[in-house]
Every structure is written in structure tokens, then in C-alpha cells.
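Step one of this worksheet: look at the structure below.
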Amino acid sequence: MNDDGGVLDRYASLVDDEAAFRAACDRPLPSVVRVNTLAADADRVARAFDEEGTDYERAGWHDGIFRMAERSPGTTWPYAHGWVHGQEEVSCLPALALDPEPGTRVWDTCAAPGSKTTQLAALMDDAGTLVGNDTSLGRLSALRHNAERLGVTNLVVDQQDARNYSLNGFGFEEFDATLVDAPCSCEGTIRKNPDAFDTWTLDHVHEVAGVQKGILRRAVQATRPGGTVVYSTCTFAPEENEAVLDHVLHEEDCEIVEWDCPLESVSGVTEWHDEEYDPSVARATRIYPHHNDTGGFFLAKLRVGGDGGAADDPEPEVAT
Ligand SMILES: C[S@@+](CC[C@H](N)C(=O)[O-])C[C@H]1O[C@@H](n2cnc3c(N)ncnc32)[C@H](O)[C@@H]1O
């Protein structure tokens, strides 16, 4: 049994089935790969797995996501060819929610090691400008390696603190779409990191929430009116999720929009301990490990400028 040091007790009142939640947190995470559509389509990958006798099951909710039975995906031919990337199911959601158009300008604020960046590049058909930013040089090397392995060419790699991000030198002043896959206390990764709770403290939760608020505010400021920002974490703590959204809704011109999550999920919480949040945080998505046999995840989709209506949005200028 994973030692959660009592942290999961905090969420007993939020989950529908506490026993199932705890049991799922104790099971190892299934191995999953995402098809890299810049290099192959899902049927070609399926044929290659069949030919080499690798067992898999296709995720019912998405054609290009394969649950692997046993082998480590890194030892398969599709992996060697750059046709697949090891990426857990919930981690595929933010890029799908952002849904960037080819030819647009997209900022991945906290990009390394690049699972979501490379997925964004594939959704953009490798066309437009994709900026993959992170503060960690070591993790940025992994991002470069992943981008090269998967054949991504529309990526600019940058190392800045996203809270004070400067677009000087880009030749444009706003992005069309921005992803904030924020640093967090990682509670939802307990299934793959059994040590995830060893260093957990409430002080750290509050400290990282401050960073998250700064990054999400800058993301909204750097995205054009009518553009989209997606905020995601792999943690359960409302302090790092709904409280961050509540803060940014009050400080910046943006609103949370509905997003139809393809996995079983529940709404964001509007109250936590002594706090009450803006009612629209209920439009955010919470995913608990026992719902879909995944890690824990949180996601919200925001529209910048508060008009909330894609029909009124100015057309994005196509980057050259
Ligand atoms: C959850 S991880 C990102 C995972 C990545 N999006 C992926 O899918 O592979 C959060 C990242 O935020 C970075 N980070 C932490 N503080 C930051 C800041 N102030 N500005 C930019 N990046 C930051 C960390 O180095 C870490 O790589």
C-alpha cells in the first residue's frame, strides 16, 4: 500500500466512493502510449504492434491512445520509429481541450519534458509557432530530445520564468492559445510515484499555489482577446486548482467556459474548508483515479476577454 501520510484523508468528503478512490491510488498506473500523428496513424501503429506481438487495448474514448498490456512501450518498434510517445491518458486531455489550429501561435508555459508540447505540435500539424517554455534547463533537454524523436519542427524552446514572461524578440505580442500545465504538489501521480507524498506539506501547497496564480495570470495577459487558455494540474488540492482559478478570475479579464470531458469526471468544487469560490469554477473538470483507472487530474478551459463566444472571436492571424 502506498503511504500517503494521511494526505488522502483531506479528500474523503470530495469523492463519491472513498474506498474505490483509495484502492485505485494503491494500484500501479497502467502503461499508455499516444500515437504521434506527425509520423503515423493509429491503424498503422496497431498493425505494427500486432506484427511484433505486443498486446494492447485501444482506449474507447480516443483512437490514438493505446493501453499497453505488459511490455514497456520504449522497447517496441513503433516507439523506436517515433510513432508513439509514452503519455498517460489524463495527460492527453489538456492539449485536446486547447485544440490549437494549425498556423496559429501557441505558448506552452511549463512545457518540459514535452509530452503535451509534442501533442500540441501534432494537433497543429507542425504548422505555426509553438513556444515550449520551462525554467528547468535539465527538463528542457528532455523536451528537445522528445521533439526531435517525434519529428516536431514548429517548436521554439525558451527558458523563462513564465510569471514574468517577455515576448521581446518574437515579432508578435500575443498568443492565440496558451497551456498552463502547472508545477504542483503532484498528489494525483501517487500511482506512478509511490514517494509522491513523502515531502508533502500544506506550506508547499500554498507556496506552489502562489506560483500557479502568477503563471496563469501571465498566460491570460499574453493571450489575445477571444483566445483560449487551459489550466491543468495533476493534484487534488483545491488550493492549487479552484482557488487559483478564483484568484485569476478576479484579477484578469477572462472566464471559464464549459468543456465536455471525454473521460468520466466531476465538476470543480465551489467551497473548500472556509473558502467559497466563484460559482463558475464548477465548470472545471476533476478526474479521480478510480473513475477511469488513471492518475488524478484537474483541468479548466478559459476564454480571454470575457466574451466567451467563439463566434465573435477575431480570426487568428496565421503565423509565418
Ligand atoms: C507538470 S510539469 C510540466 C509537464 C509538461 N507539461 C509535460 O507534459 O511534459 C511542470 C513544469 O513547470 C516547470 N516550472 C516550474 N516553475 C515554473 C515557472 N515559474 N515558469 C515556467 N516553468 C516552471 C517545471 O520545471 C516543470 O517542468
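Keep in mind that glycine also has a Cβ here, set from the backbone N, Cα and C atoms.
Sequence annotations record features per position, and here TrEMBL assigns domain 'SAM-dependent MTase RsmB/NOP-type' to 21-305. According to TrEMBL, the S-adenosyl-L-methionine binding site annotation covers Cys110, Ala111, Ala112, Pro113, Gly114, Ser115, Lys116, Asp134, Asp161, Asp181. Look at TrEMBL and you will find Cys234 tagged as active site, nucleophile.
Sequence features annotated in TrEMBL and their locations in the structure.
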residue : record                               : DSSP class
Cys110  : S-adenosyl-L-methionine binding site : coil
Lys116  : S-adenosyl-L-methionine binding site : helix
Asp161  : S-adenosyl-L-methionine binding site : coil
Cys234  : active site, nucleophile             : coil
Just going by other Cβ atoms within 10 Å, which of the binding-site residues Ala112, Lys116, Asp161 has the emptiest spot?
Asp161
With the S-adenosyl-L-methionine site defined by the record as Cys110, Ala111, Ala112, Pro113, Gly114, Ser115, Lys116, Asp134, Asp161, Asp181, how many Å span the farthest pair of C-alpha atoms?
20
Quick one: Cα separation, Cys234 (active site, nucleophile) versus Cys110 (S-adenosyl-L-methionine binding site), in Å?
13
When a 10 Å sphere is centred on the Cβ of the residue listed as 'active site, nucleophile', how many other Cβ atoms does it contain?
25
What is the pLDDT of the domain 'SAM-dependent MTase RsmB/NOP-type' (21-305) when averaged and given as a whole number?
96
Sequence-distant neighbours of Cys110 (S-adenosyl-L-methionine binding site) in its chain (C-beta under 8 A, six or more apart)
Asn133, Asp134, Ala162, Val180, Asp181, Ala182, Pro183, Ile215
